[in-house]
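If you look up Swiss-Prot, you'll see Arg20, Glu79, Lys119, Lys445 marked as (6S)-5-formyl-5,6,7,8-tetrahydrofolate binding site, on the strength of sequence analysis. Here Swiss-Prot flags 215-371 as domain 'TrmE-type G'. Here Swiss-Prot flags 225-230, 244-250, 269-272 as GTP binding site, drawing on sequence analysis. Residues or ranges marked as K(+) binding site in Swiss-Prot (evidence: sequence analysis): Asn225, Ser244, Ile246, Thr249. Under the heading Mg(2+) binding site, Swiss-Prot lists Ser229, Thr250.
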Amino acid sequence: METIFAQSSSFGKAGVAVFRVSGTKSLEVLKLLTGKSNFKPRFMYYQKLTSPESNDLIDNAMVVYFKAPNSFTGEDVVEIHTHGSKAISIMLTNALLNIPGVRLAEAGEFTKRAFLNNKFDLTAAEGIADLINAETIMQHKQAIRQAGGALEELYNSWRSQLLRIISLLEAYIDFPDEDIPESVLKDVTNTHKTLINTISEYLNDNRKGELLRSGLKLAIIGPPNAGKSSLLNFLMRRDIAIVSNIAGTTRDIIEGHLDIGGYPIILQDTAGIRGESNDVIEQEGIKRAIDSAKKADIKIVMFDAETLDSAVNEDITGLIDENTIVIINKIDLIPENRIFNIENKYRCLKVSIKNNIALPSILKNIEEIAENMAGFTETPYITNERHRHHLKQALVYLKDFNLDNDLVLATEDIRMTMRRIGAITGIIDVEEILGEIFKNFCIGK
């Protein structure tokens, strides 16, 4: 393989910039840049870096050499830590590009090489990508568990059970004259049933892992002037939505990203829902608001306390489900003990966005719903549609398995099940999917 390099840190001004080189020429590259020939693996050296072509000084840097296979990629690897200057990064990049047999790495190529050198499986590689992209504590927790091999361990345990079934069936096929106990087939049947139940239950997870990975969508809906935009601004801790007393001010969906209790929340402020608007643009905004609410994972339905009874309609209440928070806003403008009809049907939070009354209860309720929808369990979740696709296919083959049929055909169903699970971890030949997975990494990883 060619020797590759990339800047692993962000390009721009910083205290330190990190370059990574991987491949058979890594040590040669280090010698050319430093003029030094003796580098002990895993020791950091302070060295002057110069251009091999012009001999111009690039920087005073810290360098370290990792000898294969004891490196991230499993190849000879060199790391170069320079000052975080754009000029230095450009000069070092040009110097490396001018060394024969050395090229710039593609996105995710270092991690791809690590996978190909059996440093980890595909699920761990995807976990590393998720770890890099994690923005909240819960996303980090999920990603680091996956990067640590939790999914690999789970899928390999299923694969081992399938392999055992195959070995038992092939014993029957290859040695028909041998006295093989009937309990063997009973063992096969029990393991088969257990796997069907286990994988079926695992797939029936309400996509918790994928929700945590991508973020839970929260739509704020309700009639005009209920305080939806004010709530969005409060949750975002800045003004991103225009607030006015004019009905129909918000016409398109306004989106913001938030971390609540470690869960990634994608907030969507929508147009006020009312039935009497003659404004074509506002009507389109209302349609989008309803569509957004139907697709949302969590909903906040917000009413103005002064106009609540007249504002309640089926377009709004029809969107309320178990993951909906009903909020009555502007309670500072009504008698303290007033009870609304809607409270007889739904649990409501009474707040005042303007006067900061009971606002922490909104955050608490959002966090509780998010935890219920994407909270952690001991068993790692499916985090990727790719995994789900292969598991569904595996389950089809598993359900097709029937010992009453020809044993060779039955064994093939188990073999295909095992291949589908192997496609998730990369145990089988999966060259066609590697590019799709690793292209989502940043350059230098």
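The backbone N, Cα and C atoms fix where each Cβ goes, glycine too.
Overlay of Swiss-Prot annotations on the structure.
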{"residue": "Arg20", "record": "(6S)-5-formyl-5,6,7,8-tetrahydrofolate binding site", "DSSP class": "strand"}
{"residue": "Glu79", "record": "(6S)-5-formyl-5,6,7,8-tetrahydrofolate binding site", "DSSP class": "strand"}
{"residue": "Lys119", "record": "(6S)-5-formyl-5,6,7,8-tetrahydrofolate binding site", "DSSP class": "coil"}
{"residue": "Asn225", "record": "GTP binding site", "DSSP class": "coil"}
{"residue": "Ala271", "record": "GTP binding site", "DSSP class": "coil"}
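The average pLDDT computed for the domain 'TrmE-type G' (215-371) is 85. In sequence order, Ser8, Val18, Phe19, Arg20, Val21, Val63, Val64, Phe66 are the residues near Glu79 ((6S)-5-formyl-5,6,7,8-tetrahydrofolate binding site), counting only same-chain partners six or more apart with C-beta under 8 A. A separation of roughly 57 Å, to the nearest angstrom, links the Cα atoms of Asn225 (GTP binding site) and Lys119 ((6S)-5-formyl-5,6,7,8-tetrahydrofolate binding site). Distance noted between the C-alpha atoms of Ala271 (GTP binding site) and Ser229 (Mg(2+) binding site) is 9 Å. Cα spacing between Lys228 (GTP binding site) and Lys119 ((6S)-5-formyl-5,6,7,8-tetrahydrofolate binding site): 50 Å, rounded to the nearest whole number. A sphere of 10 angstroms centred on the C-beta of Arg20 ((6S)-5-formyl-5,6,7,8-tetrahydrofolate binding site) encloses 23 other C-beta atoms. Rounded to the nearest whole angstrom, the C-alpha distance between Ser229 (Mg(2+) binding site) and Lys119 ((6S)-5-formyl-5,6,7,8-tetrahydrofolate binding site) is 49.
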